[in-house]
Amino acid sequence: MAKSSLAGADGALTWVNNAAKKEELETSNKNDSSKKLSVERVYQKKTQLEHILLRPDTYIGSVEPLTQLMWVYDEDVGMNCREVTFVPGLYKIFDEILVNAADNKQRDKNMTCIKVSIDPESNIISIWNNGKGIPVVEHKVEKVYVPALIFGQLLTSSNYDDDEKKVTGGRNGYGAKLCNIFSTKFTVETACKEYKHSFKQTWMNNMMKTSEAKIKHFDGEDYTCITFQPDLAKFKMEKLDKDIVALMTRRAYDLAGSCKGVKVMFNGKKLPVNGFRSYVDLYVKDKLDETGVALKVIHELANERWDVCLTLSEKGFQQISFVNSIATTKGGRHVDYVVDQVVGKLIEVVKKKNKAGVSVKPFQVKNHIWVFINCLIENPTFDSQTKENMTLQPKSFGSKCQLSEKFFKAASNCGIVESILNWVKFKAQTQLNKKCSSVKYSKIKGIPKLDDANDAGGKHSLECTLILTEGDSAKSLAVSGLGVIGRDRYGVFPLRGKILNVREASHKQIMENAEINNIIKIVGLQYKKSYDDAESLKTLRYGKIMIMTDQDQDGSHIKGLLINFIHHNWPSLLKHGFLEEFITPIVKASKNKQELSFYSIPEFDEWKKHIENQKAWKIKYYKGLGTSTAKEAKEYFADMERHRILFRYAGPEDDAAITLAFSKKKIDDRKEWLTNFMEDRRQRRLHGLPEQFLYGTATKHLTYNDFINKELILFSNSDNERSIPSLVDGFKPGQRKVLFTCFKRNDKREVKVAQLAGSVAEMSAYHHGEQALMMTIVNLAQNFVGSNNINLLQPIGQFGTRLHGGKDAASPRYIFTMLSSLARLLFPAVDDNLLKFLYDDNQRVEPEWYIPIIPMVLINGAEGIGTGWACKLPNYDAREIVNNVRRMLDGLDPHPMLPNYKNFKGTIQELGQNQYAVSGEIFVVDRNTVEITELPVRTWTQVYKEQVLEPMLNGTDKTPALISDYKEYHTDTTVKFVVKMTEEKLAQAEAAGLHKVFKLQTTLTCNSMVLFDHMGCLKKYETVQDILKEFFDLRLSYYGLRKEWLVGMLGAESTKLNNQARFILEKIQGKITIENRSKKDLIQMLVQRGYESDPVRAWKEAQEKAAEEEDTQNQHDDSSSDSGTPSGPDFNYILNMSLWSLTKEKVEELIKQRDTKGREVNDLKRKSPSDLWKEDLAAFVEELDKVEAQEREDILAGMSGKAIKGKVGKPKVKKLQLEETMPSPYGRRIVPEITAMKADASRKLLKKKKGDPDTPVVKVEFDEEFSGTPVEGTGEETLTPSAPVNKGPKPKREKKEPGTRVRKTPTSAGKPNAKKVKKRNPWSDDESKSESDLEETEPVVIPRDSLLRRAAAERPKYTFDFSEEEEEDADDDDDNNDLEELKVKASPITNDGEDEFVPSDGLDKDEYAFSPGKSKATPEKSSHDKKSQDFGNLFSFPSYSQKSEDDSAKFDSNEEDTASVFTPSFGLKQTDKVPSKTVAAKKGKPPSDTAPKAKRAPKQKKVVETVNSDSDSEFGIPKKTTTPKGKGRGAKKRKASGSENEGDYNPGRKPSKTASKKPKKTSFDQDSDVDIFPSDFTSEPPALPRTGRARKEVKYFAESDEEEDVDFAMFN
């Protein structure tokens, strides 16, 4: 039973097994069919060793053969770059062992040798190095010897501590192990003296089998040797071939060059490499650049970690670099780091030398560089184990490579720059050639306005001529003429103005210039093609170019530019007669049917001299081709022989002439060329010789040399005349024409600018565009800061502001202008009789120059670029110049002057000869706020905002944001930026210099003071004094001529009146009877009785003859009577008198006129030319005061609010937001710093002057609150110990004290700061600065006392009888004189100086007085000297120490224009009253100087009364000045540079002479209460008393609208 059970069980098992086998068989069949692997077979795990062998490219790179260009070392040719086939993996395992050997040098500086041995036959490579060996000791953790650990076990290394900064090549712990794994045999030998053992062990079969380590005792020198046999099968190689050996050899050389202090032996031989520089020679040896010169290598050892060599590359960018001895063949960040520096410097040089070429980008510069770099970098990183590309960021390099300027300079001279420039030229030429067609087309399209010749581009193309005309109108003329000669062989193309000077144009300009490209296309020219032979000429569409331009100087310039265009690109064409010109008459003279044509003005002038009866000829001027009619055009072309002038090439002198005229390199030669021309012209004029001219009747051809030297030079000279002003009047011709027209029109009402422009073109023969003329008019009227110091035209409308530098002017159609009242005072009408007027088109136009009373070229500056010369002169202060003129009239030398711009509040300091620093104004308001209240001259507000503040606010790619916000509070005349920044950044900015950070300093260089002198010759002036002296001599001589003219004219007038009076008296007495007598008898009777023929007419005719004026033909005969022939006696002036002349009143009037005229003549004879000049100056200064006072009033217009009655009847003025536009009174002024360079310039300047005491001290800034009195006579502004203002009690900031808010107003040397004198600075603080720098040993005193006033008032007004009818007006002249005198006396001397004056410590001994009283008290010489010296200062912002004490108190700091006519009604003792300007002017004497001066009271009295006073008390004292003594413009002056606390500037503080300080009284309209002033200046709550201040704040009540110049400084 059991058995059977068992048997059954066996059977069942058998069945199951069979079934399983069957199923397995089926499954197996299925698997075979689908080849499906098991999960275990799909997902496998390998050991790291297996993985390395299976995927070697992850570790050592590809194990496939690779063919590429590599630098290798071949025994026969040395280092060379060739195509090699190698296995990167094999190369890498060799390199790993090699780099390990080099790394040992970083561990042991005593290592000196590496031996490399390669045996290709036995496939054995050995690398040995001395130096510290591997420690032969057992690793306590891994329990194996260290050499076995690091060479036989993966992921072992000594480089895993990243906190340790290492400069080795090993990093990941793979290198040597990889070599072991890919070797059939790998043996390590090392000896360690420290552990006194040597170690040797061998691994085989790809590091799978290891022999026993052999450890022996050792006491020799340390070494390490690795010997291995690469598993060539793994690299699909059979043996070490030539290519891989050459590559390994190069690596041995690499080591020799990159491993400093290590000699490398290769196969037993020492490699001949001595350092990195020697290694580089292996590459560049015997290599030449494109010019055949050996490559020049620039080498610099920047530091111990960076060694750089640089040379020219002709194969694009190349680099050989090593990082810790690893050859980074693909470069990396270290290469970029060095190359970027080099490229940055080179591109600067290239751009300088390639301004006109193709723009060059950095990568293009890089393509010409070959750089060699050997560097040590801490813990470098790479993008793969192959270590070909270093990826570490430069900030982690552990060192910096700062290449020297010497290196960069050498780099720019080693051929790289030249190579880049050659490439640029090649690229430019390639681009230009694309513009040309190499195919000759008979028809071309796409060129508008071309009338092509029918035969152009065909077989007769060489016989075709292209006529290039000046504009469309000239084309019409040419087309009219083609009707005569036909269209088959002539084409016409109009030019749009002047073409480009291709010789100096940039590549971009040439590429984009449509005119040039069109000419090339029409003619069929090709760049770089030489047209030397007939065959090349046949490729052209036209065989000639005919130039047809106007016969004026601009037409000559167009001809010259076309000649230059052809000569520069295709010089050979000039030799083939390719160019010719078509000339037309410039003047035609016709008489009956006879007609003469003249082709040059000199030829016409010569004809006029020899022709009789010129008036019989009709003269017509042809200013352009458009003047000719179509009929005349046909006549011209019909006589082609006469009108076509061929250009002939005469030889090298032609090439030289063309180059001279148009090459940028010939600037100096052009100057000499033009100078010689001007001198020759001057000599010709002196000797009466005719001008040279080219186009005579026989002229058929012309050489290029003659064209350049006789025709084109006229344009160059006229270009200078149009661009460079005259020294005499400071005008360019266009400006002179405008003034001439305005004088001639003598408008009493304003006129539209556009209408005036048309009038100028009509009256003065202006031949250029009206738009330019209108801009000239606008510029003459502008008066914003940086434009004119004296605008000769009035800006009635929007003529532009400092916001946009005048570009915001309204259209000329909408704005009006008229002559300024100063114009005729600067250019007296009487001088017009002495001028030489020019003629244009037979029309009398403007004079050669006007002769102003002061050099206007200095007042308003000048700027212009001509041919060969350029001119640049800054503005100077008019009053300073007047002062210097007066000094010169008195026989003294003029004071030096600094540039000065009207209403500019910044500073201008001299740095050297004609070099100045111009600084704006900036104040620190609090810890995070600065306030910019002035910009450098001609830095326009909007431009500054966009180019400086916006980038500072938003930051740029290179610089982070510096400021956090800014606000604008400007007006059209003032600047105010309130800038917010963090406290830290403000501190940093202040440390660096706020002026520098905010770009508030510019330099002004005036080394091009080139002007036309009175002879019409260009002359360069070295100093402003030279200009002034030359002007002075000329002007003084003209005053002599004026006197002669006036004596003659007035004498003739006197004789005329005398004869008339005598005739009337004799008639009344019955001695003469005229009734019923013939005219002939009357004339004979008058002759017999000794009456003279019209003396005025006779004198005029004598003048004309004496002057030998060429325009006599233009003078019509004034003889309108038949009393006699023109040559006979003329008694019309007697016989034409009316019967009214016989009345008693008229007789008395006539006798009075006669006597008055006689006195005028006698007075004039007694005066010297100097006296006449002084009279003119006095009148000018007087009017200047009025004009500037009016300007201030206009600026303040509308700023006052309406008075509103309060509860107690006190008018309260609606407070306006003025404070936001005014500088903060709490700011700390920052003094501009002089840079080291500027300071050096200053020192040189002072040394040059050899310690001359008169030498001004160059100061960067003049402290506003500078209250010390400059030491008199030193020229330096020094604080003297006696300056009581600094030490005395400080008055409280007076609330709402108009006019005392001072912008930085430097004081002038030699002037007390405290006195609030008649502050005459219309210009601005910088004027005072300039003057203070100018001061010499004597303080300059402006003679503006009452004597001067009287001189101005009594300035005679001469009247002349220019017509018979003038007799009746003679009486009016005297009346006018009286009125004028009254006017002058009555008009107060208004203070135009907006700037506050610095408080004065005291009055100079010759303080300037406007009254004779003070003058008398002053010694004559002292008075004279000082007056002269400080004349400019009187009118400049500095306070005037030269005024009398009384006068000094006359003017409020800023309200001076009209404040002076009112007297303070409060807080003044009677003794404090100050005479007004009016009184001084009328009476000529102020209160005695000895009048007791009120002492400064401990407290100011009646403050409240004064403020509340609504009475007319302010008018109680007849027109006395309102400014209390000591309250100068500086009274409320802002603190400068924080040198003293805000109370230090003591407006009320007077030196010992002035013991009292009167409260400043401002005269304002009752409607404008002091509240209109910013609270900054008037702190609402009364200021707390400060130490030393004894007075309470004074509130002022405004009395008059006129007096609103509250605080004029804030507007200027």
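Quick reminder: no glycine exception, Cβ is built from N, Cα and C everywhere.
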Looking at 205-211, 765-771, 863-869, 1493-1499, which stretch does Swiss-Prot describe as region 'Interaction with PLSCR1'?
1493-1499
Enter the number of other CB atoms within 10 angstroms of the CB of Lys216 (SUMO2 cross-link).
11
Lys287 (SUMO2 cross-link) CB neighbourhood, other CB atoms within 10 A:
12
Using DSSP reduced to three states, classify Lys287 (SUMO2 cross-link) as helix, strand or coil.
coil
Distance check, please: Cα of Lys631 (SUMO2 cross-link) against Cα of Asp552 (Mg(2+) 2 binding site), rounded to an integer number of angstrom.
22
Just how many other Cβ atoms lie inside 10 Å of the Cβ on Ile865 (site 'Important for DNA bending')?
14
In angstrom units, rounded to an integer, how far apart are the Cα atoms of Arg813 (site 'Transition state stabilizer') and Ile865 (site 'Important for DNA bending')?
29
Rounded Cα separation (Å) that holds between Ile865 (site 'Important for DNA bending') and Asp552 (Mg(2+) 2 binding site):
20
How many Å separate the Cα atoms of Lys216 (SUMO2 cross-link) and Ser1224 (phosphoserine)?
90
DSSP state at Ile865 (site 'Important for DNA bending'), helix/strand/coil:
strand
Could you give me the DSSP helix, strand and coil counts for the domain 'Toprim' (464-581)?
57 helix, 20 strand, 41 coil
Let me know the DSSP-derived helix, strand or coil state of Lys1080 (SUMO2 cross-link), please.
helix
Reported mean pLDDT - the region 'Interaction with PLSCR1' (1493-1499):
39
